[in-house]
Structure formats: structure tokens, C-alpha cells
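Q: Here you go, one structure.
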Amino acid sequence: MIYYTYRTTVMRVRYLSTSAFRQLKKAQFDVKSILNRLPLHADSIKARQLTSSDQLVKELENLPVQELEARRLDTQIAKTQTERKAIEREIKLDKSKIKELQHKLVELKTSFQTVTSDLKTIKDQIHETCLSLPNLVHQDVPLTNAQEIQEIHPLRDYPVDLSRDHHDIMVRKNLVDFKSASTLTGNSWYYLINDGALLEQALVSYATKRARNHGFSMCNPPSIAKNEVIDACGFRPRDMNNEQQIYHITDTNLGLTATAEIALAGLGIDTVMDLSKGAKKLCGVSRSYRAEAGARGKDTRGLYRVHEFTKVELFCWAVPDQSDQILQELLDFQIDLVADLGLSAKVLNMPANDLGAPAFRKYDIEAWMPGRGSFGEITSASNCTDFQSRRMGTKYKDSTTGKASYVHTLNGTAIAVPRVIVAIVENFYDPSTGLIKIPEPLVSYMDGKSYI
């Protein structure tokens, strides 16, 4: 069953073949745990305001009945097999009873096939319901309004200044070329050129160096992934606005990744990780692709919402009792990075109706953008607990029990390049000189330029 309405952008790349691709193993769910927490799962569905949430809640509420029926059928199968073995033993002891008992064996075989088929059907239904469930929601997550928990370089007031619009400034200073990109590809695409391109490289170098200094290993991942892996990460349209769209490649089971999170998570497919020395932390740099850019007529001007952009992503695998701590570490990393860039921003505990299906909890940082006239999201950090790991088969060996258990996955933005460029340009442009001041941490990566 599918509770999401896809609006897919199709790319025709016919020379790619996926015939040799192996499939993800079937996701494993703790049905007993889900049954014990039915009200919490129902609350999560309703709070997230998912498309067709009423239907999904009905399916969820039907799980206990389905599970009881599955157990009944299991018992019936076991009983049938016991009867069959008893008859086979009786025939073995007395061959003269073959004719008498043969019809009974045929009946048992037919019954076994029917019940086995019924059991498979109901187990498939149970699995599909579990697969469609979003993660639970942390008890401290607000319902509908983001909770501001911290300010970074707060201002006394936040005046709108349309003369600081990054689009006009960057075009005038020959830092970006929207016109040529529009001719090449269409709206919401762009060329970063000259010092605009250098600023992107500076931001990437700065963010990756900080990540390495914080114990993250580097990874340059693919920007194309199998659709089943994209789905396993939770990247499916989830609400009435269909905000998350994926570019799918026709005649394949591939799509362009919306974030390096997808490809980094893929490194854990069908693996048992050694987390005895702490969380495994990766920093990935990739191009990211969002088909929804400007789809609702919002932020269609400039770099804020575009189809393709460079992003530095942080990804972690952690044991369950450490994932809250790792989420806080990701957030602290982001706060320090934004603060060192000199941006005025606010840290938000995001509400349930803003959480994607995988997220148990999410923090956003929004920077003030005076030319845009509002705050805009520049980072996000999420704890997805075992939502992704169950769908990808990523486990760790529990040091206490010795058993393989599902890891928790976490992700966070280090730098979403275009949006940080928007914030830098709109905050540090000086109309009197026509120059943009480069934040001090980036100067060494800008060939020593303090202004552009």
C-alpha cells in the first residue's frame, strides 16, 4: 500500500542498465514492539499530518487482528504438518493402509497449501503496514510550531533591506549567471562564476576541515542511487504539498540523490558495524538534486531554492543509547560553524508536522537574510533512530548481549552552499563600497581576499 502521491520528474538515460543490481533484503520490523505502542504510532502519523493519514491509522489499528490471524494460521500449519507426519509414519508401519490414508494426505496437502498462501498474504499486509509507518516522535518535539531554543549573534531588530537582495548583488558583481543557466537547463539553475565559484569552494573546504577536526572521516559519494535505497532512507513525498520530489531515471531503478545522506547511509547496507569505540562518523561532499525547487511559486528568484547544489553532509551510525548525545554533538558543530561565519541565526526544535518520515527529532538553524526579508533554513540535524537501519539491514554487535542489533542513524548539514552564500552576501554587502566582506574563517580559502 502506498500513502504518498508521487510527482516524479523523469530523466531519459537509456544506456544505463540495472539488470545486475541486487535488491535490498526485506526490511525487518519488531511487530511486537509496534503492537505494544500502537497509540504512540497513531499519534506520530496524525502529528506529522501525512497524506492519507486516516487510512494509515486504520491499517495500524487493524494490526492486532492481523497478527492474531497470522498466529492462528501458523498454529494450523503446524497442526497440519503434525497430522501429515503421523499418517506417513502409520503408512510406513503398515503398507496396506496406503489406499485408505492416501486421500487424507491429499486433503492435508491441499489444506497446507491454502493456509500457507493465506499466511503469506496476511504477513505481507502486516509488513506493508509496518513499512509505511513513520518513525515515532520524541516527547519533547512540539506539535505544530517550531520552538526557538537559542539565538546566534542576535540583533536588536531585523530590518528588511531589499537593496541587499543577493540576486541583484551577485549578478551585478558577476558572481553568478542565471540567464545562461536558464538557456542551458531552465529555471532554478545557475552558474556560480569568478569569486562566486571560489566562495563555494571556500565554504566546502572550510566545512570539511572542521568536520575532520571533529573526528569525521571524508567520503565523496555517488549522486545516483537505487530507488529502493532512496525509499529506505525515507525520501518519498509525504504531505499534501509533495515537497520532496526525486529525479528518477527512466528505464532504470535509479534516481538522483537529494542529499549525500542517502549515499552515505548506503555504506551500511547489510553490514554489522563495530561501534565499540564510539559512533562512526562520515562527512560527504556531493551535488544534491531537488525537483521541487520553486514548485509552489515560492523563492523562485536567486539561489535560495534551486534544483542542483553542493552540500557538505554529516552522517553518523551510533548505538541506541548514544544517539541523543550524537544529535547534540551535530547541533553543537552546526552552531559553532554558523557563529564563526558571523551570521545572525536562530536554532529551532522543529515541530512534528515538519518532520520527514524517518526523523524522530530534528533541529534546524535559520539565518537572517535581510534582502530576502526573512530567516531561511541553512542547516538541519536529525536523529532517525532505527528507521533507516531496519530498512537497510545495518546492525552493530551489542557488547552486553553479543547479539546484532539495529544501529541508530543521524544526519546533519554542515554547509548547504547556496543558502549560506545567500546569507553571507545579504548580511555582509556594503552598499557604500559595493563590496562583500568575506567571513574571516573563509579568507585563507579565498586566495587571501577579505572582500569581493
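Here the Cβ of each residue, glycine as well, is placed from N, Cα and C on the backbone.
Curation does not apply to TrEMBL; its annotations are automatic.
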Q: Check TrEMBL: it lists T259, R290, E313 as binding L-serine. Then name which of N145, N174, N411, N427 it lists for that same site.
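A: Checking N145, N174, N411, N427 against TrEMBL: the L-serine site match is N411.
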Q: Could you give the Cα-Cα distance between T259 (L-serine binding site) and H307 (ATP binding site), in whole Å?
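A: T259 (L-serine binding site) and H307 (ATP binding site) have their Cα atoms 12 Å apart.
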Q: Tell me which of the binding-site residues R290, E313, N411 ends up closest to H307 (ATP binding site) in space, Cα to Cα.
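A: So, spelling it out, the nearest of the binding-site residues is R290.
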Q: Report the nearest neighbour of I378 (ATP binding site) in space among the recorded positions R290, E313, T413, comparing Cα positions.
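A: It is T413, whose Cα lies nearest.
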Q: Compared by Cα position, which of the binding-site residues E292, F309, S380 is the closest one to N411 (L-serine binding site)?
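A: Result: the closest of the binding-site residues to N411 (L-serine binding site) is S380.
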Q: With the L-serine site defined by T259, R290, E313, N411, which remaining residues of that chain have Cβ atoms positioned within 8 Å of the Cβ centroid?
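A: For the L-serine site, the extra neighbours are T257, A258, A260, E261, I262, S288, K311, T413.
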Q: Please report the Cα separation of E292 (ATP binding site) and T413 (site 'Important for serine binding') in Å, rounded to an integer.
A: 19
